[in-house]
Amino acid sequence: MEFGLVELSRLQFASTALFHFLFVPLTLGLSIIVAIMETVYVMTGRPIWRQMTKFWGTLFGINFVLGVATGITMEFQFGMNWSYYSHYVGDIFGAPLAIEGLMAFFLEATFVGLFFFGWDKLSRTAHLVVAWLVAIGSNFSALWILIANGWMQNPVGAEFNPDTMRMEMTNFFEVVFNEVAQAKFVHTVSAGYVTASVFVLGVSAWYLLKGRHTELARRSIAVASAFGLAAALSVVVLGDESGYSASHTQKMKLAAIEAMWETHDAPAPFTLIGFPDKEARETHYAIEIPYVMGLIGTRSLTEEIPGIDQLVAESKDKVRSGIIAYDALMTIRSERDATPPEVRATFEEHSEDLGYALLLKRYVDDPRDATEAQIQLAADDTVPGVWPIFWAFRIMVGLGFSFIAVMAFFFYRASFKGMQFPRWALRLGVIIIPTPWIAAELGWFVAEFGRQPWTVDGILPTALSASNLSITDLLITLTGFVVFYTVLFIVEMGLMLKYIKKGPYMDVEETDTWMERHSHRLRTHDGQGPFAETPAE
Amino acid sequence: MILHDLISFDILRVIWWALLGVLLIGFALTDGFDLGVGALLPFVGKSDTERRVIINTIGPVWEGNQVWFILGGGAIFAAWPPLYAVSFSGFYLAMFLVLAALILRPVGFKYRSKRESATWRTTWDWALFVGGAVPALIFGVAVGNVLQGVPFYLTPDMLMPMYEGNSIMKLLGLLNPYALLAGVVSLSMLLMHGSAWLGLKTEGVIADRARRIGSIAGIVAALSYALAGLWLAFGIEGYQIVGEVVKDGPSNPLFSEVVRGGSWMDAYAIRPWIAVAPIMGFVGIALAVMGLRAGREVSTLLWSKLAIFGIISSVGLTMFPFILPSTVDPSSSLTVWDSSSSHLTLFVMLVCAVIFMPLILAYTSWVYKVLWGKVAEDDVTQNSQSY
C-alpha cells in the first residue's frame, strides 16, 4: 500500500462522518420536540401549538435533508475506502446497517414527506401519528448504527473463520445486546436531544430578546428546557456507563483518556487537568482528585485500573501469541482439510490474538519474520494519541455538566416563575447554541480516535483495513467532498438563518376559526387573551 | 443458534441472490421515476411554476424511494460482503460521481423553492438534472462493466481485493463502448419511467411534453437493449466454473476454479424459461410506449414497471451464478456459491427481511394512497409547505 493512503482514507472518513454528525443530533432531538408540540396541539386544539409544530418542523426539514444527503456517503464509504475491513467484518458489521435500513430509515424517510405534504390530506390524529413515526424512525436509526459501531469497540458474538479469512457471526443477540452499544445508544440519542433543546432554546431566546414571536418562544423554551434537562442528565449518566464498560472492554482507551501511565493502587485518582506527555510517559502539572477514577471506572474501592505501561507490556505478549496464531493460520490455509489437528488446536488457542500479529503488517510482510524491535513497535502502536483524547474528553464532560445547569435554570424559570427569563440568561442561551455540537463531535473523536490503532478493537488494525486505492484517487475525492460539503454547509446555514429571521408562518384562517369557536373561554388567568403579546423583558 | 439450520446454506444463498435483485428492482421501480423526473425537469418544465409542479409530484415520496438504494447498499454489505468490498472500491471514482449526484437531489428538492431568486432556482434545476441523469447513466455503465468482467483479483494469503490500473485511467476504462451502451439502456428506460409517472401525476402541457419525450425514450430503450443483447451474444466471452460446483462451501472465491469460455447467452440454452425476462422487457416497453401515445395513465406506469423488472432481472438470470466476474484472474470471480455471508448471518437477515418487507410495502402503499391524485399549479402555489 502506498504511504499516506491510510492516513488520507482516515482523514476522509473522519471528515465526512463528523460532517454527517453536524445534522444527525438535531434530527434526533428536533423530531421528538416537534412531535411533542404537535401532541399538545392535537390534545388542546390551540393554533399556537400548530404554528410551533410547523415552524420548528420547517427548520427540522432544512436540517434533515443534509443529514440524509451526507448519510448516503456513509452507507457506501466502507466499501469504497475500507474494502478489507468490509471483507473482514462485513458478516457482522453489515447486518445492523441493513437492519437500520429495513426497520428505521425506511420508516422515517417514507413518512417525512407526508409530514410536510400531509397537513391538508390527513386528519389531525393521523398527521400526529406520522410525526411520531418520523421521530421513532430517526431514533431507531441511531440504535442500529450504534450497534454496528459498538461492535467495533467491543467485538462480541463473532469468531474468526480460517476458510473464509474473516470474522463471522456466532451469536446475533450478543451483537445486538452488546453492553457498549446499548450504553452508547442512549448516550448518543440523549446528546441529540440536548443539542435540539439548546437549539430551540437559543433561537427562542433570540426572539425574546428581540421581542418577536414571544408566545411561540416562551412555550418553545418550556418544552425545550424540560426535555433538555432530562436529556442532559441522561447524557451524563450514560456517559458514565460508557466509561464503566470501557474499564473492562477497552482498557487502553480508558487509560489514554485519563492519561494513566502507570497502574495506580486502587482506587485510582482522577486527573482533573494536566498536560499528558507521551514521550516522557507522564502528565505534567496534573491536578488530581483522589479515589474518583477508581470509583467511576470500576465502581469498587479495591479493583485496579491498569495503566498504559502495563497494557503495552500485555500487548507485547499478545503480539507474540498472535504470531503463533498467524503461523498456524497459514498452515491451515495451505493444507486446508489435511491440516494436522494439533495445528488447528494451536490456532484455536491463540486465534483471539491474531489481530495483534496483523499490527506487524505495517512493518513486515510476514509477521513471522518480525524482529524484536518490530514487535516492540507494534506493541507501542496500541497506545492512541493521549493528549488529544485527554483534552477532548474533558471539554466534552465540562460542556455536558454545563448543559444540566443551563437547562435546570430555564426549566425552573419556565415552571415556577411564569416563563419570565432574565436578559442575561437569554443572551447566554443564544451564545451557547454551537456548544452541543462541539461536545458531540468531541465525543465521537474520543470514541474513534481512542480506538486506534484498530478499526475493530483487538481484531483488525486500521492500517490493514483500507482499500488499495491510489493517492490520486483519495486526493480527488477528499478535495471533492471538502469543497462540495462546504458549499452545502453555507447554503444550509443561509437557509436556516433566513427561516429563523422570517419567523413562524401564521395560518390566519385557522386561527380565526379557532378564536371564534373558543371565544367563551378566551381569557387566561392574567385576564389577557391567549394571543396578546406579552411585553418584552 | 440452531434455528438457522432450518434452511440450508445453498438455498439461503439463492434466496439472498433473489432478494438482491428485489432490492435493485425496487429501487429502479420507485426511485427510478424520481431519477427520470429529475433528468426530464429542465426539458419538460419551461416556467418556474411548471417546474415546481414537476418537483412536487415526487416531493413527498422520493425520500422513501431512495431508501431502496440505501437498503440495497446495506443488504449487499450484510449478505454479500465480498461483493460490497470489491465492487465499490473497484468502481471508486464512478461511485464518487454517483454519490455526489445523489447528494444534490435531497438538497435540490428541499432548498430550490426556499428562495425567490431566479438564478438560485435555475441552478438547483440543473443540479436536479445532474442528480437524476448521472446516476441513471452510471448504474447502466456499471452493469455493462460487470457483464464484461472487472480487473480485480484477491490475494491468495489474505483475500485482499486488488485492482489493475490507476485511478483516472480506471474510471475512463469503465466508460468503454459496451458499458456506455448499457448506460443508454438504463438512462432511456428511466426517462420512460419518469415520463410515465409525470403522465399520471400531471395534466395539460406538462403531461404532453413528458409523454412525447417518454415515447422516444422508450423506443431508444428497446433498440439499445436489443443491441446490447446481440453484442453480449456475439462479442463478449462468458465465464464458467470448472469441475464440481460446491454450493454450500465456505465463502472463499479462490476455492473454485473459473475459466472464460462460451457465451453468457448459453444460460438460455440451459434454462430456457429465463427468456421470460427479456420478453417482459420488450413487451413492457412496447405497451408503455403505446400507453404514453394514447395518454393512458395507470396502466402505462405499470407496463413501464414490467419493462424495468424484465430488463434488470434478465441481467441477473443471464449471469447466474456469477455476480462479479474478474478479467485478470477468473478464479477470483465472485459467484452466488462463494461470496455470501455466513449461514447464520444470511438466516438472521432473512428473518428481518420477512418481518419488515411486508410492513414497508404496506405503509409505503398507504402513503401513495394518501397522496393519490394529480398535482396542479394551484396546489403548488397556495401551499406553504410545497417545494
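Every residue, even glycine, has its Cβ placed from backbone N, Cα and C.
Here's what TrEMBL has on this protein:
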TRANSMEM  A:20-43  transmembrane segment
TRANSMEM  A:55-72  transmembrane segment
TRANSMEM  A:92-117  transmembrane segment
TRANSMEM  A:129-152  transmembrane segment
TRANSMEM  A:190-209  transmembrane segment
TRANSMEM  A:221-239  transmembrane segment
TRANSMEM  A:389-412  transmembrane segment
TRANSMEM  A:424-447  transmembrane segment
TRANSMEM  A:474-497  transmembrane segment
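Long-range contacts of the transmembrane segment (A:55-72) within its own chain (CB-CB distance under 8 A, at least 6 residues past either end) are made by residues 16, 19-20, 22-24, 26-27, 30-31, 33-34, 37, 109, 112, 115-116, 200, 203, 216, 220, 485, 488-489, 492, 495-496, 499-500, 503-505. Through the fold, the transmembrane segment (A:20-43) approaches residues 49-50, 52-53, 56-57, 59-60, 63-64, 66-67, 70-71, 73-74, 108, 124-125, 127-128, 131-132, 134-135, 138-139, 142, 189, 191-197, 199-200, 220, 223-224, 227, 231, 436-437, 440-441, 444, 489 of its own chain, all at least 6 residues removed from its boundaries and within a Cβ separation under 8 Å. The stretch from A:92-117, A:190-209, A:221-239, A:474-497 with the most CB pairs below 8 A to the transmembrane segment (A:389-412) is A:221-239. Contact counts against the transmembrane segment (A:129-152), taken as Cβ pairs under 8 Å, peak for A:92-117 among the stretches A:92-117, A:190-209, A:221-239, A:474-497. Within the chain carrying the transmembrane segment (A:92-117), a Cβ under 8 angstroms from the stretch's Cβ atoms is held by residues 31, 57, 61, 64, 68, 75, 78, 86, 127, 130-131, 133-134, 136-141, 143-145, 147-148, 151-152, 155, 157-158, 167-169, 172, 175-176, all 6 or more beyond its ends.
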